[in-house]
Every structure is written in structure tokens, then in C-alpha cells.
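Here's what Swiss-Prot has on this protein:
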- 8-243: domain 'ABC transporter 1' (DOMAIN)
- G40, E41, N42, G43, A44, G45, K46, S47: ATP binding site (BINDING)
- 256-499: domain 'ABC transporter 2' (DOMAIN)
Amino acid sequence: MQQSTPYLSFRGIGKTFPGVKALTDISFDCYAGQVHALMGENGAGKSTLLKILSGNYAPTTGSVVINGQEMSFSDTTAALNAGVAIIYQELHLVPEMTVAENIYLGQLPHKGGIVNRSLLNYEAGLQIKHLGMDIDPDTPLKYLSIGQWQMVEIAKALARNAKIIAFDEPTSSLSAREIDNLFRVIRELRKEGRVILYVSHRMEEIFALSDAITVFKDGRYVKTFTDMQQVDHDALVQAMVGRDIGDIYGWQPRSYGEERLRLDAVKAPGVRTPISLAVRSGEIVGLFGLVGAGRSELMKGMFGGTQITAGQVYIDQQPIDIRKPSHAITAGMMLCPEDRKAEGIIPVHSVRDNINISARRKHVLGGCVINNGWEENNADHHIRSLNIKTPGAEQLIMNLSGGNQQKAILGRWLSEEMKVILLDEPTRGIDVGAKHEIYNVIYALAAQGVAVLFASSDLPEVLGVADRIVVMREGEIAGELLHEQADERQALSLAMPKVSQAVA
């Protein structure tokens, strides 16, 4: 039963940056002994609110009330000392220091200027035991797993007697076992009467942990769900994006042109048997398969990231010799890779540079001078047309959300003369609203005659977007399904590895 008095309240919180209104009039309550989830599209304002709570940002308007008192923190240390801790996706620890030193950093027990290591390790050991972990407090942090690092962050919060602990996308780098352990710890913290704020785009986690869910959209408060028996996936999606779940994919039948892409018995590292398939102009073909099916490996080979070891790739009936990515680009074939941060973007360069970097060679002045006028116009055009949310074209792309990074990569290829686009997990790690925008870009490309081949491990996405689904299993094609006839049972049946029958 919900308590009558909230422990944490946000009252009319607003935050404005130069040219950007990040939060507007955010008001809601959180109660002790509850996990309160914050949901919304990337850029909805969840992380900004946590940074205000933790003292990273000062609110432009409004106030934070903790246990009946209006609070204002000058920095994160002040917030932590007041019992507010944020566990970020990027953990803020010192690898060369021991577990105990990290837990009590800034308040190491000492006498006469000398650290009392015996007391330090004893106190740290108590915090570790509290979390049910078996870690030597004298171990240098660099020898621990990411999941153990996270436990050290939580122990650090408990050492400051934190009553409010917020988790910002905490499972993004964890194994299944580490996620289970994190959930166990969060449930224990809830039992102890702490306020737990939990930010994640993974709905299965939200439903597994939450006692209440607050939804944000475009920096504004939308709704708080408090009866978890009455809320489902569709209701959350509708609250986040302002439309029904049935509208998310938006597939419609369309006509196709001539064959644009053909693979003839193509093999590449990680592809077990020769792959043959064709994609027509204006057609969207989805590649579905479980982990290890060979989807990404096939695309990397097609794009020249790895070497095709057998077979031939054809574009518009012409054989293409692809030994490196520049050969594929020249032929009109582009790739949005699975790991966009490592392989798709140049993190320390601007949005403008990331959009223009491929087509730049065609627009240099006198063969050697960058055409700044063209680059500025081209970047601004794609920022507007793709609705890339950024303060400006000169913003570093690493500061954008995953969905906006992906749209910038698409803008890069839209600057080229594209015939074929390969999309490898194009919406992984992207919120629902940004996914919808990516789907619309895919449909627009198909309408322009581009052949679209996209790989995804999200089966509802493949079934919802593709005109035709090619199912891969252990490096080979297991079957094909048409959009109108395909269902999850058929696709999974084809994707599951064959089980050899033992003779009794």
C-alpha cells in the first residue's frame, strides 16, 4: 500500500540550456521502499532530471524536496553526503585503487595522516557482505568484472548511508547472471526502505522490478502508473510516444522494381555455407536469426569489412569486386554497422563531420580544399529532414543519444548515391519513438528504389517492417517467409538449431 507522505518529490522542475529546453514543469512523488522507474524516449529528460537530483546540474526552475525539506546541492559530493547516489551507466571508479579505497574515497579512515588500512578493509568488508558479495576489499578494482564494479558503486552509496539510489541504464554491460544479482540487490535495498529510481529502455526489466512508473516525453511529465496490475507494454508505449503500438511499424504493401542486389553462393568468415539471395529495387528484406546465425558476418563480408571467400555480389546485374568498404561505397552499397559507437561514428568529431565524411571527397574545391558551404548545407539538411535532435551541427556526436547517432549515420549515406543499404541491428539500444523514425527512413529509402537488407535479432521488428524475411541458422539460410504470412512461431522454428536425435 502506498504511503501517504512521499520521501522524494520533484516540484515544477525546469532546466534550460542554451537553445534547448530540456525539462519543463516536472512534478511527481517517490516513496520509501519502492522502485520507481523513469521511462521515455532518448532525450525525454530522464537523465537530466537525475543530474539535477545528484547536484550535477542546478534546476532553472522548481525544487527537489527530500523528507520534507527543500534541497539544493552544489555538486555530486554534497548530494552523496546528503544521502543521494546515482549509479550511472559509465561507472565513476578508480581502477588502480582497491575495492575498499574506492568505497571510502574521500573519507578514508586515518590517524595522524596515515590511512588505517585494517579499519578501512573491515568497514568495506561489511558493506560488501551487506550486498551478499564475496570480494576481497584489498583487491585492486581493475581485476574485477563490470558487474562487480557496479556492486562497489552501490557499496560506496551505502557507506554514505544513501537513502535515495538511482540507477541509469545499469544493465547495458552486464551478463545475465550479473543482471540477476543486480536485481537481487535492488530488491534488498527496497526492503530496507530506500527510494530506488530506475531508468531503463528495457521494458522486461521495468515490469520485473517496478512499483511505479513515471513517463516523460519531450522534457515533460506525461503520467505516473502506480497500479502495476493495470499497466502493460502497449499502455507504456502509447504514453511514451503518443500513439498506439500498432502504429509503430507502419508497414504497407508496395510494388518493387527490378532486381537490384544479388548474392550468388557468397561465403565469408562466420558464414558456414554459400548464401544466395536477391533483393529488388524498393524491397525491404529482413535477415533474422539467433546469436551465431551469421547475419552480421555476411553483411561485413558484403561491405568489405572482411573478405568474401567465395561467390559473387551483383548490383544492378553487374558483378562487384569488393575488397574493402570504399569499393562497396563506390558501387552504391552502404552499411550501418551493428556496433555504431565502435564502427559507425567518429565519437570526437561533430555531427556535421560524421554526416559529411563519406561524400566529402566529391565536393572538395580545387581537388584539395574542403567545401565548407556544401558541408554546412548538407549537414543542416539532414539534421532537419531526419529530425536529429542536437543543439547544432558542431555538437560532438558522442553527446547524442543512440537514436540520433543512428540517424546521423543514415544522413551520411543519404549524401551518397545509394542503391543498396545494409542495416545491421539498426534500432538496438534505441527508444521506441526513435525506432519509429528509423522505420520511416527505411520506408522512404525503399520508396526511392533503394534495396534494403536489414538484420535484426528483434523478431517483432523483422516481422513488422520487412516485406520478406530470410531466416538464418548457424551460418546458412533456413527458409524464407513473406510479410503477410509470417508469424513468430514459424520464424523461430526455422531459426532454432536442429537437434540430432540420439538412438536409444
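Glycine too: its Cβ is placed from the backbone N, Cα and C atoms.
According to DSSP, G43 (ATP binding site) is assigned to coil rather than to any helix or strand. In the shown protein chains, 24 other C-beta atoms lie within 10 A of the C-beta of G45 (ATP binding site). All protein chains included, K46 (ATP binding site) registers 26 other Cβ atoms within 10 Å of its own Cβ. With a cut-off of 8 Å between CB atoms and residues at least 6 apart in sequence, the same chain places F216, K217, D218, G219, M240, D431 near A44 (ATP binding site), listed in sequence order. Of the listed binding-site residues G40, G43, the Cβ environment within 10 Å is emptiest of other Cβ atoms at G43. Less than 8 angstroms from the CB of S47 (ATP binding site) sit D168, V199, each of them six or more residues away in the same chain.
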